[in-house]
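K.L.:
Can you keep this structure in mind? I'll have questions shortly.
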Amino acid sequence: MVGTRAVIGIRQSNGTVQANLYNITSNNKVGCELLPSKVELFKAEFRVQDMTGEVSSSYITISATLELNNQLYNVEKLNHVWQVGYNADLERLVPRIHHFSLQNFDSTETFNMTCEGDTLGVGHNQRYFRTVHGILNMVGWGILLPVGVIVARYFRKFPVRWNHWFGVHLGCQIVGYILGTTGWGIGLWLGRASRHYTFKTHRLLGIFIFTFTTLQMLALRLRPKPHDDYRKYWDMYHHFLGYALLAVISVNMFQGIAILKPNTTWKWAYIAILAALGVATLTLEIVTWTKFIKEKKTKRKNKNDSNRENQQSQSATDNNATK
């Protein structure tokens, strides 16, 4: 993190750990090498003593003693950051840049050195709100909106006519929109609070989803009357946009899960939800086409029977007229 005065330990080829002081500046962020250097604070040397590093099992432990001047440094707010690197130049003791995951950026906390055990994890609140953001969007946009679409497609008239379909469809869409919009708002706040990183694809897809979902919700007031000439074109637009939104929502859900990098439970839980919705849709689609084909065959048979009866009746009438 830019502005950090760091004690960094680099594991040597012989198994020992070499600890040194480093000043992390904006130059390092753009690719300049991070070399060992003296650490200064307000143009005064920042004294660090007894730096040691050791390896135990697969962990590296670094310890040091810091001398803090109460007049130069606010000891009630000691900002502490930590990172894990994966590569370094062993000869010149140059560490390489760490990964850019949320876990790396959240590795910070603030100590109050005047009160024993008083710490504040800066990344803790953001992790909590990210979880809330994910749950709200998964339930609102990822579950309720698709359920509302399924109800509207398969329970309005065909293959099953359900008198209460519109109320259930409307309820799912409204509740899903409210939950999704709340989660989207939390996501915007998290994006503004994250000064050092941004996830452009996830953000742009979220804005796209919110914008066009809002446009879909305006159908409550702007929907044409059934007898209007352009109603069928509006229905085509409404249905196409709804199906496109469901696809984009699914993609963005996996984007968000990939960013958070939680345990695999989240990913497989959402896959299970999609699978359940997919099985329900496929089953209802099969029922729809099966019923449609049967009814079409029945109508064709009835039409042929009717034509045959009419022909026979006409033939009998002609015979009677000839006699």
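The backbone N, Cα and C atoms fix where each Cβ goes, glycine too.
According to TrEMBL, the record shows the following:
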- 94-293: domain 'Cytochrome b561' (DOMAIN)
- His133, His169, His202, His238: heme b binding site (BINDING)
- 135-155: transmembrane segment (TRANSMEM)
- 167-190: transmembrane segment (TRANSMEM)
- 202-220: transmembrane segment (TRANSMEM)
- 240-262: transmembrane segment (TRANSMEM)
- 268-293: transmembrane segment (TRANSMEM)
- 297-323: region 'Disordered' (REGION)
- 309-323: compositional bias 'Polar residues' (COMPBIAS)
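Describe the structural surroundings of these features, if you would.
P.N.:
With a cut-off of 8 Å between CB atoms and residues at least 6 apart in sequence, the same chain places Gln216, Ala219, Arg223 near His238 (heme b binding site), listed in sequence order.
Beyond the ends of the transmembrane segment (167-190), by six or more residues, the same chain brings 126, 129-130, 132-137, 139-141, 143-145, 147-148, 151-152, 155, 203, 206, 209-210, 213-214, 216-217, 220 to within a C-beta distance below 8 angstroms of the stretch.
Counting residues 6+ beyond its ends, the transmembrane segment (240-262) has Cβ neighbours under 8 Å at 101-103, 130-131, 133-134, 137-138, 141-142, 145-146, 149, 199, 201-202, 205-206, 208-209, 212-213, 215-216, 270, 274 in the same chain.
Outside the transmembrane segment (268-293) by six or more residues, the chain places 138, 142-143, 146-147, 150, 153-154, 158-159, 250, 253-254, 257 with a CB less than 8 A from a CB of the stretch.
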K.L.:
Let's check the environment of His202 (heme b binding site): how many other CB atoms sit within 10 Å of its CB?
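P.N.:
Within a 10 Å radius of the Cβ of His202 (heme b binding site) lie 19 other Cβ atoms.
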K.L.:
Checking the spread of the heme b site as listed (His133, His169, His202, His238): what is the longest Cα-Cα distance, in whole Å?
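P.N.:
That value is 27 Å for the farthest Cα pair.
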K.L.:
Counting other Cβ atoms within 10 Å of each residue's Cβ, which of the binding-site residues His133, His169 comes out lowest?
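P.N.:
Comparing Cβ neighbours within 10 Å for the binding-site residues His133, His169, His169 has the fewest.
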